[in-house]
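Q: Sending over a structure as structure tokens; questions will come in a sec.
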Amino acid sequence: MELETHLSKYFTLAFTHKSMGLEMREKLAINSSATLKEFLQTIKNHCPNIKECMVLSTCNRFEIYASLKHGAHANEQKSALLKILAQNKKMSVSDLEKCVLMSVDESAVHHVFSVCSSLDSLVVGETQITGQMKNAYKFAFEEKFCSKDLTRLLHFAFKCAAKVRNLTGISKQGVSISSVAVKEALNIFEKERIKDKKALVIGLGEMAQLVIKHLLNKQFEALILGRNEAKFEDFIKELEEPKKVSFQNIENLNAYINEYQLLFCATSSPHFIVQNDMLKETIFRRFWFDLAVPRNIEKPVLDNIFLYSVDDLEPMVRENVENRQESRTKAYEIVGLATMEFYQWIQSLEVEPLIKDLRELARISAQKELQKALKKRYVPKEYESNIEKILHNAFNTFLHHPTIALKKNAQKEESDVLVGAIKNLFNLDKSSANHAQNLNLYKCEYYEE
């Protein structure tokens with residue numbers, strides 16, 4: 001597809017589990033709002049050709065999504081961003097260069113849609129990534145780092161992800177990093193013939209909550225160590241068996257760390273939470289799953305502790321990928337079609353074509369009525385040319401203020417809805433109007449029909 005110059009230039013930089021090891025992903029990870037805001041502000045200050053920007057940082061990827069100003073060169077923006085990353089994260093540009101994937105225009109849109117649809121995830125079909133992208137978009141939008149361009153892109157990405165889930169069934173098995181970890185833990189317990197199905201879970205964020213739900217489904221009991229007991233009380237209201245879950249403040253970690261054979265750790269802490277100086281010898285073997293990036297557990301010095309990181313779970317994930325190959329093929333077809341539909345939709349929402357259509361509609365309507373008047377001899381034929389000029393001036397005058405208002409509002413976030421409403425009102429393009437009506441700019445999602 002040949003893109004017209006007035007359309008937004010989309011741009012992505014991606015570092016993922018496919019191109020970068022856990023140790024380097026730890027360095028890139030951003031786990032606090034303050035750090036994320038500071039990083040986005042640095043980009044805004046040093047990259048004047050980047051119009052809008054957002055960052056997606058998860059355990060398996062660090063990605064920058066942006067729209068570029070007209071005439072900006074993607075390779076120059078890539079170099080500038082890698083330099084910022086290198087300085088910010090104390091890494092070398094050459095190391096980053098080896099691991100980064102840059103995508104521009106259609107490729108960038110296709111990449112964002114694929115990520116949001118969980119086709120690029122370590123565990124294909126997991127649904128957590130869509131929520132993570134919504135949170136990343138919402139933060140950038142509320143902090144005014146992104147506006148119309150990325151709003152359009154992300155809304156369509158969420159719509160695409162929903163379509164992939166609904167039409168392929170790729171997420172029906174509910175597989176995620178957390179479920180793979182719990183499944184592996186269950187396998188270990190069966191091999192080790194461990195009958196006491198109890199687990200210690202450190203953290204109460206989204207990943208930790210998923211772990212707890214999977215543990216309960218496998219008939220485990222869980223002790224949660226966290227900082228916010230009120231959050232725990234709200235969480236257990238969602239559970240079918242809340243009595244199997246208990247809570248202690250994380251300050252009591254030393255009292256429990258050597259009591260459990262099974263441990264899951266998933267917090268947003270940038271430092272080790274479980275450290276070697278906390279450990280004591282035990283007569284039983286221990287199995288620990290560190291699902292955080294950066295890692296939360298220091299590499300154990302004791303021989304009877306077996307530690308699994310996110311990357312260690314990859315071999316267990318491959319079977320999941322192979323089993324879902326047919327669904328993936330269909331999903332990629334949906335993503336490819338969505339990419340084309342996105343650009344068609346964007347073009348339909350441009351203000352200039354709408355103004356042209358309104359003027360043409362006015363001209364056709366005026367000409368139609370003039371021909372009726374001539375046919376019924378309400379006006380002499382020799383006046384036709386002069387009447388055409390009068391009508392032309394009349395509808396130009398009538399459309400003057402709406403034209404100025406449309407151009408003025410063209411760069412605002414709500415312009416898509418405005419253009420769609422006008423198209424619907426004048427019956428110019430019902431398909432694009434329906435898209436705009438379903439768009440909810442503030443919840444960053446589409447309403448289901």
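Placed from the backbone N, Cα and C atoms, the Cβ positions cover glycine too.
Pulled from Swiss-Prot, these are the listed features:
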type     : residues                                                           : note
ACT_SITE : Cys59                                                              : active site, nucleophile
BINDING  : Thr58, Cys59, Asn60, Arg61, Ser121, Glu126, Thr127, Gln128, Gln132 : substrate binding site
BINDING  : Gly203, Leu204, Gly205, Glu206, Met207, Ala208                     : NADP(+) binding site
SITE     : His111                                                             : site 'Important for activity'
Q: Sequence gap of 6 or more, C-beta under 8 Å: which same-chain residues meet both conditions with respect to Glu206 (NADP(+) binding site)?
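A: The list for Glu206 (NADP(+) binding site) reads Gln128, Gly131, given in order along the sequence.
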Q: What other residues of this chain sit with their CB within 8 A of the center of the CB atoms of Gly203, Leu204, Gly205, Glu206, Met207, Ala208, the recorded NADP(+) site?
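A: Neighbours within 8 Å of the Cβ centroid, excluding Gly203, Leu204, Gly205, Glu206, Met207, Ala208: Gln209, Leu210, Val211, Ala266, Thr267.
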Q: Taking every protein chain shown into account, which of the binding-site residues Thr58, Thr127 has the largest tally of Cβ atoms within 10 Å of its Cβ?
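A: Most Cβ neighbours within 10 Å: Thr58.
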Q: Fewest other C-beta atoms within 10 angstroms of its own C-beta: which of the binding-site residues Asn60, Ser121, Gln132 fits that?
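A: Counting other Cβ atoms within 10 Å of each of the binding-site residues Asn60, Ser121, Gln132 gives the minimum at Gln132.
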Q: Using Cβ-Cβ distances, find the residues under 8 Å from His111 (site 'Important for activity') that belong to the same chain and are at least 6 apart in sequence, listing them in sequence order.
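A: Expected: Thr12, Ala14, Leu101, Ser103, Asp120.
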Q: Which one is it: of the binding-site residues Gly203, Gly205, which Cβ has the fewest other Cβ atoms within 10 Å in this structure?
A: Gly205
Q: Given the binding-site residues Gly203, Leu204, Gly205, state which is nearest to Thr127 (substrate binding site) when distance is taken between Cα atoms.
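A: Sorting the binding-site residues by distance from Thr127 (substrate binding site), the top entry is Gly205.
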Q: Met207 (NADP(+) binding site) to Cys59 (active site, nucleophile): how many Å between their Cα atoms?
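A: Spelling it out, the Cα of Met207 (NADP(+) binding site) and the Cα of Cys59 (active site, nucleophile) are 10 Å apart.
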Q: Looking at substrate and its recorded binding residues Thr58, Cys59, Asn60, Arg61, Ser121, Glu126, Thr127, Gln128, Gln132, figure out the farthest C-alpha pair and report it in angstrom, whole number.
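A: With Thr58, Cys59, Asn60, Arg61, Ser121, Glu126, Thr127, Gln128, Gln132 as the binding residues for substrate, the largest Cα distance is 15 Å.
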Q: When you rank Gln132, Gly203, Leu204 by Cα distance to the residue listed as 'active site, nucleophile', which of the binding-site residues ends up on top as the closest?
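A: It is Gln132, whose Cα lies nearest.
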Q: Helix, strand or coil by DSSP: which one applies to Asn60 (substrate binding site)?
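A: SS state of Asn60 (substrate binding site) = coil.
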Q: Between Thr58 (substrate binding site) and Leu204 (NADP(+) binding site), what is the CA-CA distance rounded to a whole number of Å?
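A: Per the Cα atoms, Thr58 (substrate binding site) and Leu204 (NADP(+) binding site) stand 16 Å apart.
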Q: Can you grab the distance from Gly205 (NADP(+) binding site) over to Gln132 (substrate binding site)? Cα atoms, rounded to a whole Å.
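A: Here the two Cα atoms lie 12 Å apart.
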